[in-house]
Amino acid sequence: MARFHIILGLVVCFFAWIFFLIFPNLDIQFAGHFYNSSAHQFIGGYDGFLGFLHWFARFFPIFFSIIVILFLLGSLFIDKFKIKYRKAIFFIAVCLWIGPGLVVNYVFKDHWGRPRPVMVEQFNGDKIFQPPFVISSQCDKNCSFVCGDASMGFWLFAFMPLLATRKKKLVAFIAAVVAGGGLGLMRMSQGGHFFSDVVFCGIFVYISTWVVYALMYRKKEY
């Protein structure tokens, strides 16, 4: 099962890459819908509910990781913490650390250098627009490719391998797409990310989830 989903994710990633090669201006067009040209700013702000969501997406992984680590340590020494689903909880945490943590925020965001929409010339910035998968030196760290906030929504993919029926897996998939897409739209409205940043974020988190599952649960497939 894991191998199928990993291959599926890689195939989707390839065709998404081809799609954005064929339509290189799509990112600019999508971002333009969130840009107020008369005010020279993006319509989404960092106050109120949007500000809370942005804060939550940034700091929830820290809070969650601390709780999980304390719980797992406690389960080693305290009987009442020794529950049936300890491995499942650890799996969900590892998916967070590997997908949104390592792959999204460290490998890509800190090393790809893609300038954010608010930084490019088309939206009153001074940087040159770069398509996805093109490494750039215009941004030093915490850059546009891919979307970190959206990865927290796509992290819900981690529940898919743990659910028994196809219907429940589908519900988890839809929930991840809705949550990740919603957080991605929020960041697009703030000028923080392009559409392709959100798309590839979802793909990367999906693939990393099933890789973690293959390593933790299905080693015999490899």
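Placed from the backbone N, Cα and C atoms, the Cβ positions cover glycine too.
Summarising the annotation, Swiss-Prot assigns topological domain 'Periplasmic' to 25-58, 109-144 and lists a curator's inference as the type of evidence. Annotated topological domain 'Cytoplasmic' per Swiss-Prot: 80-87, 166-169, 215-222, in sequence order, evidence recorded as a curator's inference. Residues annotated as transmembrane segment in Swiss-Prot: 4-24, 59-79, 88-108, 145-165, 170-190, 194-214.
Looking at 59-79, 88-108, 170-190, 194-214, the range that has the most CB pairs within less than 8 A of the transmembrane segment (4-24) turns out to be 194-214. Counting Cβ pairs under 8 Å to the transmembrane segment (88-108), the stretch among 59-79, 145-165, 170-190, 194-214 with the most such contacts is 145-165. Listed by sequence, the residues of this chain that lie at least six past the ends of the topological domain 'Periplasmic' (109-144) yet keep a Cβ under 8 A from its Cβ atoms are 17, 20-21, 24, 27-28, 31-32, 35, 40-42, 188, 190-194, 196-197, 200.
Taking DSSP states H, G and I as helix and E and B as strand, the topological domain 'Cytoplasmic' (166-169) has 4 helix, 0 strand, 0 coil.
For the transmembrane segment (170-190), the list of distant contacts is 30-31, 34, 42-46, 50, 53-54, 57, 117-118, 147, 149-157, 159-160, 163, 197-198, 201-202, 205: same-chain residues at least six beyond its ends, Cβ to Cβ under 8 Å. Beyond the topological domain 'Periplasmic' (25-58), the same-chain residues lying 6 or more positions past its ends with a Cβ under 8 Å from any Cβ of the stretch are 117-118, 122-124, 129, 131-132, 148-149, 152, 183, 186-191, 194-196. Under DSSP, the residues of the topological domain 'Periplasmic' (109-144) split into helix, strand and coil as follows: 6 helix, 2 strand, 28 coil.
Away from its own ends, the topological domain 'Cytoplasmic' (166-169) comes close to residues 160 of its chain (Cβ-Cβ under 8 Å, at least six residues beyond either end).
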